[in-house]
Amino acid sequence: MAVLIPAAGGGRRLGGRPKQFRALGEHPVLVQVLLSFERHPAVGHAVVAAPESRVTDVTDRLQAEGLSVLTAVVGGGADRQSSVQHALRAVPDPVNTVLVHDAARPFVAAAQVQAVVQAVRTGGAASLVVPVADTLRRGDADRLGETVSRDGLYRMQTPQGFRREWLEHAHRRASAEDLAATDDVALVQHLDHDVAPVPGSRRNFKITTPDDWALAQALWPTWRDAPERFDLSSSASS
């Protein structure tokens, strides 16, 4: 099994240095993500899509960490979708299951990864999700409108997992049809494949804003000392 890490984004909403290269504890966020997957026995390969101008630097840094799971660092594309495409091409041939995980989502627990893996083995595609908890309303800049039902609404997380041939086909179709999507689930659903929802955790958040970064720094000591506390027992219902 392989995990693809699209890490070529610039982190404009957070500002400053791209979030995946900021230090969280003793290592950059990207390294913490890779360490999470290195601890999982089913994951044998990791491919990172880095900024094109930083491929050599990122390769040197990751190799210096002694990460046995690291297979390749490739140049990313102009957006997340193209970065996943580039990383997918570097996956070794024998691999038939592929996970895609955000480079700025460091608090993914082993039990959550395993749940996605099992769902992919059963049905072919799966993603971590968290039910929407907040009240939702339509509206514009001037006034609030009606409440939107939260029933059946989910916030998408990663990892998202797929049979390799499904994901490859989905990206080929997207390129042929000039289809853009914000995650790989949408591309696979475009092929009429079902994607299984797997309970995620609110702690498995993506670092996007300054508030997210502050929260990540606050949670880091707990994750460092006892990452099992972040497993499915700390899921969206908690």
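Any Cβ shown, glycine's included, is placed from N, Cα and C.
Swiss-Prot lists R13 (among others) with the feature site 'Transition state stabilizer'.
Annotation comment: Swiss-Prot describes K19 (among others) as site 'Transition state stabilizer'.
In sequence order, P131, V132, A133, D134, T135, L136 constitute the residues six or more apart from R150 (site 'Positions MEP for the nucleophilic attack') in its chain with CB-CB distances below 8 Å. As annotated by Swiss-Prot, site 'Positions MEP for the nucleophilic attack' applies to R150 (among others), with the evidence given as sequence analysis.
The feature site 'Positions MEP for the nucleophilic attack' is assigned by Swiss-Prot to K206 (among others). Sequence-distant neighbours of K206 (site 'Positions MEP for the nucleophilic attack') (same chain, 6+ apart, CB under 8 A from its CB) are D102, A104, R105, Q157, T158, D212.
In three-state terms derived from DSSP, K19 (site 'Transition state stabilizer') belongs to a helical segment. DSSP assigns R150 (site 'Positions MEP for the nucleophilic attack') to coil in the three-state reduction, outside any helix or strand.
Counting every protein chain shown, the Cβ of K19 (site 'Transition state stabilizer') has 28 other Cβ atoms within 10 Å.
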